[in-house]
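Asks: Provided herewith is a single structure, encoded as C-alpha coordinates, for subsequent inquiry.
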Amino acid sequence: ETPAEKFQRQHMDTEHSTASSSNYCNLMMKARDMTSGRCKPLNTFIHEPKSVVDAVCHQENVTCKNGRTNCYKSNSRLSITNCRQTGASKYPNCQYETSNLNKQIIVACEGQYVPVHFDAYV
(Lines of atoms letter the chains of each structure in order from A; the text may use other names.)
(Lines give C-alpha, C1' and ligand atoms only; values in the text may rest on other atoms or scores of the structure.)
Protein backbone atom coordinates (compact mmCIF):
# COMPACT_ATOMS: atom_id res chain seq x y z
CA GLU A 1 0.00 0.00 0.00
CA THR A 2 1.51 3.34 -1.05
CA PRO A 3 1.18 6.43 1.19
CA ALA A 4 -1.36 7.81 -1.33
CA GLU A 5 -3.40 4.57 -1.21
CA LYS A 6 -3.29 4.59 2.58
CA PHE A 7 -4.63 8.17 2.56
CA GLN A 8 -7.48 7.04 0.28
CA ARG A 9 -8.33 4.11 2.57
CA GLN A 10 -8.13 6.02 5.83
CA HIS A 11 -9.58 9.39 4.84
CA MET A 12 -11.66 9.36 1.65
CA ASP A 13 -15.36 8.55 1.60
CA THR A 14 -16.76 9.92 -1.64
CA GLU A 15 -19.84 7.68 -1.52
CA HIS A 16 -21.48 9.56 1.35
CA SER A 17 -21.99 13.33 1.42
CA THR A 18 -22.02 13.19 5.23
CA ALA A 19 -22.05 10.55 7.98
CA SER A 20 -25.42 8.85 7.66
CA SER A 21 -25.84 7.89 11.32
CA SER A 22 -24.23 7.99 14.75
CA ASN A 23 -22.97 4.46 13.98
CA TYR A 24 -21.03 5.68 10.91
CA CYS A 25 -17.60 5.75 12.59
CA ASN A 26 -18.01 2.34 14.21
CA LEU A 27 -18.80 0.82 10.80
CA MET A 28 -16.29 2.78 8.71
CA MET A 29 -13.31 2.45 11.06
CA LYS A 30 -13.77 -1.32 10.98
CA ALA A 31 -14.47 -1.51 7.23
CA ARG A 32 -11.36 0.55 6.45
CA ASP A 33 -9.12 -1.63 8.62
CA MET A 34 -8.33 0.88 11.38
CA THR A 35 -9.33 -1.42 14.24
CA SER A 36 -6.95 -4.34 13.50
CA GLY A 37 -4.45 -4.92 16.27
CA ARG A 38 -5.52 -1.72 18.04
CA CYS A 39 -8.17 0.99 17.89
CA LYS A 40 -6.95 4.02 15.93
CA PRO A 41 -7.92 6.74 18.45
CA LEU A 42 -8.80 9.50 16.00
CA ASN A 43 -9.56 9.64 12.28
CA THR A 44 -11.20 12.01 9.83
CA PHE A 45 -13.13 11.03 6.69
CA ILE A 46 -13.54 13.51 3.83
CA HIS A 47 -16.81 13.45 1.85
CA GLU A 48 -15.65 15.23 -1.29
CA PRO A 49 -14.58 14.09 -4.76
CA LYS A 50 -10.94 12.97 -5.04
CA SER A 51 -10.29 15.83 -7.48
CA VAL A 52 -11.33 18.38 -4.82
CA VAL A 53 -9.02 16.85 -2.20
CA ASP A 54 -6.10 16.46 -4.65
CA ALA A 55 -6.51 20.16 -5.55
CA VAL A 56 -5.78 21.14 -1.92
CA CYS A 57 -2.13 20.31 -2.70
CA HIS A 58 -2.10 23.42 -4.93
CA GLN A 59 -3.71 25.69 -2.33
CA GLU A 60 -2.24 27.52 0.70
CA ASN A 61 1.13 26.10 1.80
CA VAL A 62 1.29 25.83 5.62
CA THR A 63 3.58 24.17 8.17
CA CYS A 64 2.52 20.71 9.36
CA LYS A 65 2.13 19.85 13.06
CA ASN A 66 5.43 17.94 12.90
CA GLY A 67 7.26 20.99 11.55
CA ARG A 68 7.51 19.79 7.94
CA THR A 69 6.60 22.30 5.25
CA ASN A 70 4.69 20.07 2.82
CA CYS A 71 1.21 20.76 4.22
CA TYR A 72 -1.56 22.57 2.39
CA LYS A 73 -4.79 24.12 3.64
CA SER A 74 -8.01 24.00 1.62
CA ASN A 75 -9.38 27.35 0.46
CA SER A 76 -12.93 26.30 1.26
CA ARG A 77 -14.73 24.33 3.94
CA LEU A 78 -15.25 20.68 3.09
CA SER A 79 -17.73 18.10 4.38
CA ILE A 80 -15.85 15.87 6.84
CA THR A 81 -16.62 13.40 9.62
CA ASN A 82 -14.44 13.18 12.68
CA CYS A 83 -14.26 9.82 14.48
CA ARG A 84 -13.00 9.85 18.05
CA GLN A 85 -12.63 6.71 20.15
CA THR A 86 -14.90 6.86 23.19
CA GLY A 87 -13.26 6.74 26.61
CA ALA A 88 -14.96 3.51 27.63
CA SER A 89 -14.11 1.54 24.49
CA LYS A 90 -11.34 -1.06 24.54
CA TYR A 91 -9.79 -3.16 21.78
CA PRO A 92 -11.11 -5.30 20.10
CA ASN A 93 -14.49 -3.61 20.67
CA CYS A 94 -13.52 -0.21 19.30
CA GLN A 95 -16.32 2.34 19.72
CA TYR A 96 -16.35 5.80 18.16
CA GLU A 97 -18.15 9.09 18.51
CA THR A 98 -19.22 10.50 15.11
CA SER A 99 -19.14 14.26 14.41
CA ASN A 100 -20.23 15.83 11.13
CA LEU A 101 -18.29 19.01 10.37
CA ASN A 102 -17.72 21.55 7.61
CA LYS A 103 -14.11 22.69 8.00
CA GLN A 104 -11.02 23.63 6.07
CA ILE A 105 -8.62 20.70 5.96
CA ILE A 106 -4.82 20.55 6.13
CA VAL A 107 -3.11 17.69 4.30
CA ALA A 108 0.51 16.78 3.62
CA CYS A 109 1.31 16.24 -0.06
CA GLU A 110 4.12 14.44 -1.84
CA GLY A 111 5.42 13.88 -5.35
CA GLN A 112 3.02 15.00 -8.03
CA TYR A 113 0.95 16.83 -5.46
CA VAL A 114 -0.86 13.85 -3.98
CA PRO A 115 -2.27 13.90 -0.41
CA VAL A 116 -0.47 11.36 1.79
CA HIS A 117 -1.36 12.49 5.33
CA PHE A 118 -4.31 14.18 7.04
CA ASP A 119 -2.81 16.77 9.39
CA ALA A 120 -5.72 18.74 10.83
CA TYR A 121 -8.95 20.63 10.24
CA VAL A 122 -9.49 24.27 11.12
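Here, residue 1 is simply the first one shown, and the rest follow in order.
Backbone N, Cα and C atoms are what each Cβ position is placed from, and that goes for glycine too.
So Swiss-Prot says this about it:
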REGION    1-20  region 'Disordered'
COMPBIAS  1-16  compositional bias 'Basic and acidic residues'
BINDING   LYS6, ARG9, LYS40, PRO41, LEU42, ASN43, THR44, LYS65, ARG84  substrate binding site
ACT_SITE  HIS11  active site, proton acceptor
DISULFID  CYS25-CYS83  disulfide bond
DISULFID  CYS39-CYS94  disulfide bond
DISULFID  CYS57-CYS109  disulfide bond
DISULFID  CYS64-CYS71  disulfide bond
ACT_SITE  HIS117  active site, proton donor
Asks: Can you count the other CB atoms that lie within 10 A of the CB of THR44 (substrate binding site)?
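Replies: I count 19 other Cβ atoms within 10 Å of it.
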Asks: Given the recorded positions HIS11, LYS40, HIS117, which lie close to CYS109 (disulfide bond), meaning Cα to Cα within 10 A?
Replies: HIS117
Asks: Using the residues the record lists for substrate (LYS6, ARG9, LYS40, PRO41, LEU42, ASN43, THR44, LYS65, ARG84), what whole-number Å value is the largest Cα to Cα distance?
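Replies: Comparing all Cα pairs, the maximum is 22 Å.
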Asks: What is the three-state DSSP composition of the region 'Disordered' (1-20), stated as helix, strand and coil residue counts?
Replies: 9 helix, 1 strand, 10 coil
Asks: Including all protein chains displayed, how many Cβ atoms other than that of CYS39 (disulfide bond) lie within 10 Å of its Cβ?
Replies: 20
